[in-house]
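Okay, structure first, notes after.
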Amino acid sequence: MELSMFGREDTNSSQWGEVHGPFMLEEIVCQAQNMLTSRGIFMKSNPLKYALPLLLLQMSVIIVTSRLIFRVLQPLKQGMISAQVLTGVVLGPSFLGHNVIYMNMFLPAGGKIIIQTLSNVGFVIHLFLLGLKIDGSIIRKAGSKAILIGTASYAFPFSLGNLTIMFISKTMGLPSDVISCTSSAISLSSMTSFPVTTTVLAELNILNSELGRLATHCSMVCEVCSWFVALAFNLYTRDRTMTSLYALSMIIGLLLVIYFVFRPIIVWLTQRKTKSMDKKDVVPFFPVLLLLSIASLSGEAMGVHAAFGAFWLGVSLPDGPPLGTELAAKLEMFASNLFLPCFIAISGLQTNFFEITESHEHHVVMIEIILLITYGCKFLGTAAASAYCQTQIGDALCLAFLMCCQGIIEVYTTIVWKDAQVVDTECFNLVIITILFVTGISRFLVVYLYDPSKRYKSKSKRTILNTRQHNLQLRLLLGLYNVENVPSMVNLLEATYPTRFNPISFFTLHLVELKGRAHALLTPHHQMNKLDPNTAQSTHIVNAFQRFEQKYQGALMAQHFTAAAPYSSINNDICTLALDKKATLIVIPFHKQYAIDGTVGQVNGPIRTINLNVLDAAPCSVAIFIDRGETEGRRSVLMTNTWQNVAMLFIGGKDDAEALALCMRMAEKPDLNVTMIHFRHKSALQDEDYSDMSEYNLISDFKSYAANKGKIHYVEEIVRDGVETTQVISSLGDAYDMVLVGRDHDLESSVLYGLTDWSECPELGVIGDMLTSPDFHFSVLVVHQQQGDDLLAMDDSYKLPNVEHQKIGDTGIQQRFSAEEGFTTIDLGKR
């Protein structure tokens, strides 16, 4: 057949047209040779008639359009997947594709084949990464609650949806092909994919919330249910022939080879590289790509999609660092950000709204009604099972909406079914549209209904001031990102002067950014996987604090945790642990790290966001620690110089009172010099009317301390405005090792006049922001008192007995830890 029969220009890189196939009309594409790159417009050569320029144009238009649509949909909390599908819809036959000239220029048949091939390669790699981030053991950690909800989330829609088909087919009569397509669509609508759910949770910043952890486990259970049903259906409908049995055994053999051959090879190569001296590349990148290609090719040879082998190869490998982290960093950039948008957009390009309207309206309406009924049954089944498990009604509704969210796995399955003619074009269009509609509404409602910060609002007062007034145990939660944070945190603990009569409980939380795994982690240190590189750093942190504990035996009680979550939501773990352990004060590092010469060495924007989120939602008081200790190398706790001089800058307000309460505890340490600098305006010298009597009592107590102890000093600075206040603070120089200050002050105070107009770091307050200047070389602790009603109930669970009459050397004194200490592990698997 000559190309001229197709009615196209012979200068195109490809020619196409319809020919008679064995069963129906099919489209054939003839690709011209030597039409890869254009000679240029100056040589009168149209670049769009050549393969490479056309491919680059297609990718550019798809990526730019998807980003624009995503930006438009952002206020509605829609995901990138929805934006990419809508990109295909806009660029496809539903809208712009009605223009024949545009379609022949932008998406000719030959150009479509090339971009489909490349995008499928990107999708195979992306699915491998999704599998790599899955921890197979998570299904074993799912408690009975997650198993019940996950099973109900699949069983209700699958069974009731098929019953609806049976009822409608008997009462109204539906053709057999419509029944077959709709049954397949029901099985797809009933499933909830674990990778999709974790992606949605991460995008909504609730992956490590209580609801997020429950949804993670439920989605895994639901997906396993869909696997079993699909396997049973496949075995039931498959022809009972030796060929079918041979094909099934080959697929099982591929899975066994992946797990028992490919996996050990990759793990062995990774361990070998990790132990080598070359730390630049700890992952066998090219061997992994080779085995990935073999697994994908084997899947295609056995009659399944190439992504099947890639996905299960990823599942078989250990998630998290080093393998998962390194591979994700190298592959996600071009696979997930470049080729994947093209793959999803092509699914939208295959969607044609006009084919739906032009087809039989009765069948279209029936299919859509059945699909909506299926999603409704999924929602009701999940909500009912959640309510049965005594989940709060708001959380049950949000969980039901989350289980209705679908994404790339479902879109991919629909495309495969369309190519295999399991569903027709009409059903394919309806499924894609319904997924967009249901997922879009569900995501928006979850954002509107669920606020994880409400869970962290404590019903009792947990402040340092309250601890001091009612003789309660001081309980600290220390957030750390690396071992460099340890020495100054140890200095802070030592400055608070733990004794057997006034002990301290503290909890360390190693904060790790989630990379290379899909689900968040909050676990005690002793339960961490020893093969995880984060365990090694956590062990260094724990060992340092354990040395410190040995120094204060009987006066300290500690527990050590590690949290791995996206930085955008890791504040949920901080607040969860603080609430669970009834912490009095959360101490978190400042987002700027200072070099040894005092200048700013590194600025970490995500850590600043964490600090702001913790300040807004914390169930207790919060302190941001500006560390100006030695930052050269990994400091040893044994070599750290303890603080000798501490100052407190007092202006007025609740936060200053909170900082003063902590300062007064430090003043009890015999070998620590403590100075309180009280800023007062000249007009207030004769006015002793304080906004809070507790503030007045604190100052009076400190003055009494200063009168009786030589190492405690009270200094009153008389200033007229903010300029003189700044001059006094600037004169501190290097006289102190650490300075305490409240975050918020009495803004009506004249001593701040002129200072409140500008602030670079509002999370530190006016004075705290001033102390971040490189002119100062001491560490700073900015304290913010617990927010909420002053009438909060007092929690005396950790009340200390009155031992003022006891002597320090009395060995008969019992340890002053509450019998209800509750130093137990957090079982996150049974949510």
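Glycine too: its Cβ is placed from the backbone N, Cα and C atoms.
Under the heading transmembrane segment, Swiss-Prot lists 50-70 (among others), citing sequence analysis as support.
Packing against the transmembrane segment (89-109) from elsewhere in the chain are residues 12, 14, 16, 27, 29, 48, 54, 57-58, 61-62, 65, 69, 345, 348-354: each is 6 or more residues past its ends and has a CB under 8 Å from a CB in it. According to Swiss-Prot, the feature transmembrane segment maps to 89-109 (among others).
Only residues 6 or more beyond the boundaries of the transmembrane segment (112-132), in the same chain, are considered here, and those with a CB under 8 A from a CB of the stretch are 14, 29, 31, 51, 54-55, 58-59, 195, 292, 296, 306-307, 310-317, 319, 323-324, 327-328, 331-332, 334-336, 338-340, 342-343, 346, 408, 412, 516, 518. The annotation transmembrane segment is assigned in Swiss-Prot to 112-132 (among others) on the grounds of sequence analysis.
Summarising the annotation, Swiss-Prot assigns transmembrane segment to 147-167 (among others) and lists sequence analysis as the type of evidence.
Swiss-Prot lists 214-234 (among others) with the feature transmembrane segment.
Residues annotated as transmembrane segment in Swiss-Prot: 250-270 (among others). Long-range contacts of the transmembrane segment (250-270) within the same chain, counting only residues at least 6 positions beyond its ends with a Cβ under 8 Å from a Cβ of the stretch, are 282-284, 287-288, 291, 294-295, 298-299, 302, 304, 309, 312-313, 316-318, 322-323.
Annotated transmembrane segment per Swiss-Prot: 282-302 (among others), in sequence order.
Swiss-Prot lists 303-323 (among others) with the feature transmembrane segment, giving sequence analysis as the kind of evidence. Panel annotation: around the transmembrane segment (303-323), residues 120, 123-125, 127-136, 247, 251, 254-255, 258-259, 262-263, 266-267, 270, 274, 282-283, 291-292, 295-297, 412, 416, 515-518, 529, 531-534, 564 of the same chain, lying at least six beyond its termini, place a Cβ under 8 Å from a Cβ of the stretch.
Cβ atoms under 8 Å from those of the transmembrane segment (334-354) belong to residues 58-59, 62-63, 66, 80-81, 84-94, 97, 107, 112, 115-116, 118-123, 125-126, 129, 408, 411-412, 414-415, 418, 425, 428-429, 432-433 of the same chain, restricted to positions at least 6 beyond its ends. Summarising the annotation, Swiss-Prot assigns transmembrane segment to 334-354 (among others).
Long-range neighbours of the transmembrane segment (364-384) within the same chain, counting only residues 6 or more positions beyond its ends whose Cβ lies under 8 Å from a Cβ of the stretch, are 149, 152-153, 155-157, 160-161, 164-165, 168, 172, 174, 178, 181-182, 185-186, 189-190, 218, 356, 396-397, 399-401, 403-404, 426-427, 430-431, 434, 438. The transmembrane segment annotation in Swiss-Prot covers 364-384 (among others), and the record cites sequence analysis as its basis.
Taken from Swiss-Prot, the feature transmembrane segment covers 397-417 (among others).
The transmembrane segment feature in Swiss-Prot is assigned to 430-450 (among others); the stated evidence is sequence analysis.
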Proximity of the transmembrane segment (214-234) to the transmembrane segment (430-450), 3+ C-beta pairs under 8 angstroms: no
Other parts of the chain folded back onto the transmembrane segment (282-302), taken as Cβ under 8 Å at six or more residues beyond its ends: 124-125, 128, 247, 250-251, 254, 257-258, 262, 265-266, 269-270, 273-274, 308-310, 312-313, 322-323, 326-327, 330
Intrachain residues whose Cβ lies under 8 Å of the transmembrane segment (430-450), provided they are six or more past its termini: 76-79, 82, 85-86, 185, 188-189, 200, 204, 206, 209, 211, 347-348, 351, 353, 356, 364, 367-368, 371-372, 375, 394-395, 397-398, 401-402, 404-407, 410-411, 414, 423
